[in-house]
Structure formats: structure tokens, C-alpha cells
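According to TrEMBL, the features are:
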- 7-186: domain 'Thiamine phosphate synthase/TenI' (DOMAIN)
- Asn69, Ser108, Lys137: 4-amino-2-methyl-5-(diphosphooxymethyl)pyrimidine binding site (BINDING)
- Asp70: Mg(2+) binding site (BINDING)
Amino acid sequence: MEVPVVHLITDRRLASSLPARAAAALRGLPPGIAAIHLREKDLCGLDLLRLARALAAVCRDAGQRLIVNDRLDVALAAGADGAHLPSAGVSPADARRLLGPAALLGVSCHSEADVLRAREGGAGFATFGPVYDTPSKRPYGAPVGVGALRAAARLGLPLVALGGVDPSRVPELRAAGAHGVAAIRAWLIGDDPAGAVRALLGP
């Protein structure tokens, strides 16, 4: 399965209805170009599964992908297109055995060494960052910068840049070798989620 180029990470505190917001954001996009990342760490398993199933239906209708962060069980039960793993957790190899060869499988990476491990473990892509400063990533340390992204991209695993991403930075990230970009606030804040997603696709 082709790795999408725009990854829209959820935060239900920023949207009254994630399924409705996702439907609006994905409207009119070419098939397979975007993925919703369901990342709601504080939800119990049952509530997360309900939300995952609702988002899976939205993504199917729009011809886009649903990726569930951390919870392989929820990804499988909801019929998601894949899962995204933390840098320290279930190995990509074990996740691949559970999800199957066609699933989208990503890993959070912050260094070249992380990317190399993810690639060798069977991941299909990695998120890489935070590239720029962003409030949501400050607890995890300083931004890695565009130079680190450029070096990690040479390892050949498709990288999705995250951390402080906005449309003005997409050309720089693509020039550094990013396969795609990930965002939270860019698609959840404002009155035109579809326009925000199109802007993240870049020129």
C-alpha cells in the first residue's frame, strides 16, 4: 500500500466531532493521498474502537487511509489500513506479523539510528521529528532540524516530517527528502479543513 503524503493526526480536544472534521478535510482529494492518524492516548479501548470504526468509514468513503497509533488490537478490530508504533514498544517485525504484509506500518523516529532500526524491522514508513519547534513536542526535547531530516532521508525509508509543520514549510521539507508531512492543528483549527489539507500538499 502506497504511503500517503499528508498525515492528519487527531486531537479530539480541538474538534467537536472528529469524524465530521475528517470528512470535511478529506473531501475531494485524490485517492490514497491522505491518512488520518487516530492518536487519542487517554481513551479507553472501547471508546477508541468506536471512534476508529467511525473514522474508518469516513476514510473508506473518501478513498483515504486510517492509521491507528499504538493500539494494534484497535487497528485490527476497526479494519484500519495500518498502525503507527512508538519508538519504544512492539517491534515493527512483530507488528507486521500481526497486521500482514499489505498494512501501512509506521514508527516514530527521532534520529538516523531510529530510522535504520525501523527500516530493518519491516516498517513501511516513519514519522521523523520534531523538525521545528512546536508546543506539543517540547516535552520530547529540542527540534531535530531540517539537516537531520535530510540525513535520515538518505536511508531510503519514506519519512513523514512532523513538528511545527505548516504549508509555508512544505517546500523546504520536500527538498530535504521528506516523503510527506504530518500535522495536528493545521487541519483541526479554522473554517476550511479541506483547504488546509490541500495547502499541506504543497505547490
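Cβ atoms here come from the backbone N, Cα and C positions, even for glycine.
Remember, TrEMBL labels are computer predictions, not curated facts.
Keep in mind that what you see is a predicted model, and the values were worked out from it rather than measured.
Sequence-distant contacts (6 or more apart, same chain, Cβ under 8 Å) of Asn69 (4-amino-2-methyl-5-(diphosphooxymethyl)pyrimidine binding site) comprise Ile9, His37, Leu38, Arg39, Lys41, Ala83, His84. It is 10 Å from the Cα atom of Asp70 (Mg(2+) binding site) to that of Ser108 (4-amino-2-methyl-5-(diphosphooxymethyl)pyrimidine binding site). For the recorded site, Ser108 (4-amino-2-methyl-5-(diphosphooxymethyl)pyrimidine binding site), the DSSP three-state label reads strand.
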